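The structure under discussion appears below in the form of structure tokens.
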Amino acid sequence: MQKDYQKLIVYLCDFLEKEVQKKGFKKVVYGLSGGLDSAVVGVLCQKVFKENAHALLMPSSVSMPESRTDALNLCEKFSIPYTEYSIAPYDKIFGSHFKDASLTRKGNFCARLRMAFLYDYSLKSDSLVIGTSNKSERMLGYGTLFGDLACAINPIGELFKTEVYELAYYLNIPKKILNKPPSADLFVGQSDEKDLGYPYSVIDPLLKDIEALFQTKPIHLETLIQLGYAEILVKNIISRIQKNAFKLELPTIAKRFNPE
């Protein structure tokens, strides 16, 4: 197991180096939240680009103070250059203008604010934006379109959340980050498990079977139930996948019109 993950680290570092170079960049930037996924991406980027990998810390008005502390501790441990921009003034303005906004709307606004800061920094510093969404999130559509899902390159987009945990262990990510419940930290009390209804330890095996069995054909409910998955779980996950599949697609553009 250790040997496999050491090989994976080498593979992902090589991927980052080659893909960034292909796009004509020497520097990268990414959002560092204090959570697991961005910590893993941050350490991978630091291994490859050293001082040319820059983290942006962008706490909102509802971010947990410990998220910022965990991000700062990671930067200190791995000598990661960072800049901190508070998005609190902007999300407060949104809240004052849209007092009836749901938590999802407020969360999406914060996610898109962060991506705006990342791409502004990208332009200012001639850096490429690196993504931090894992495969579980991507398959479920558990992310904000043109928010945290937006990036030029994503080294962990084909790793399920449970695999990111294992990779983090071999990258020596602090236990404080490894052990805390996953959360997008977009509103008070939020957690991935509350949003999704299940922990990743339950979701990921199902996602792996869905990918293996139904890559080129429609997902079949009964087949998955016969494998031992609870019907309510399967229905919930299939619904999320189908409802949010558009988030992984490029915009649909009308074909050029050729009048006869």
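Indices start at 1 and increase along the chain as displayed.
Just so you know, glycine gets a Cβ as well, placed from its N, Cα and C.
Here's what Swiss-Prot has on this protein:
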type	residues	note
BINDING	Gly31, Leu32, Ser33, Gly34, Gly35, Leu36, Asp37, Ser38, Thr132, Lys161, Ser183	ATP binding site
BINDING	Asp37, Glu137	Mg(2+) binding site
BINDING	Arg112	deamido-NAD(+) binding site
(Q) On the three-state reduction of DSSP, what should I expect for Gly35 (ATP binding site)? (A) coil
Q) Going along the chain, which residues six or more apart from the residue listed as 'deamido-NAD(+) binding site' have their CB under 8 A from its CB? A) Thr144, Phe146, Gly147
Q: Please compare the binding-site residues Asp37, Glu137 by how many other CB atoms fall within 10 Å of each one's CB, and tell me which has the fewest.
A: Asp37
(Q) Using Cβ atoms only, which residues of the same chain lie under 8 Å from Gly31 (ATP binding site) while being at least 6 residues apart in sequence? (A) Ser38, Ala55, Leu56, Leu57, Met58, Arg114, Met115, Leu118, Thr132, Asp148
Q.
The record lists Gly31, Leu32, Ser33, Gly34, Gly35, Leu36, Asp37, Ser38, Thr132, Lys161, Ser183 as binding ATP. What's the largest Cα to Cα distance among them, in Å, rounded to a whole number?
A. 18
(Q) Counting other Cβ atoms within 10 Å of each residue's Cβ, which of the binding-site residues Ser33, Thr132, Ser183 comes out lowest? (A) Ser183
Q | For Ser183 (ATP binding site), the three-state class that DSSP assigns | A | coil
Q) If one measures from the C-alpha of Gly35 (ATP binding site) to the C-alpha of Glu137 (Mg(2+) binding site), what distance in angstrom results, rounded to a whole number? A) 14
**Q.** Whole-number Å value for how far Glu137 (Mg(2+) binding site) lies from Ser183 (ATP binding site) (Cα to Cα)
**A.** 12
Q) Once the chains shown are all counted, how many other Cβ atoms turn up within 10 Å of the Cβ of Gly35 (ATP binding site)? A) 21
Q. Using DSSP, would you call Thr132 (ATP binding site) helix, strand or coil?
A. coil
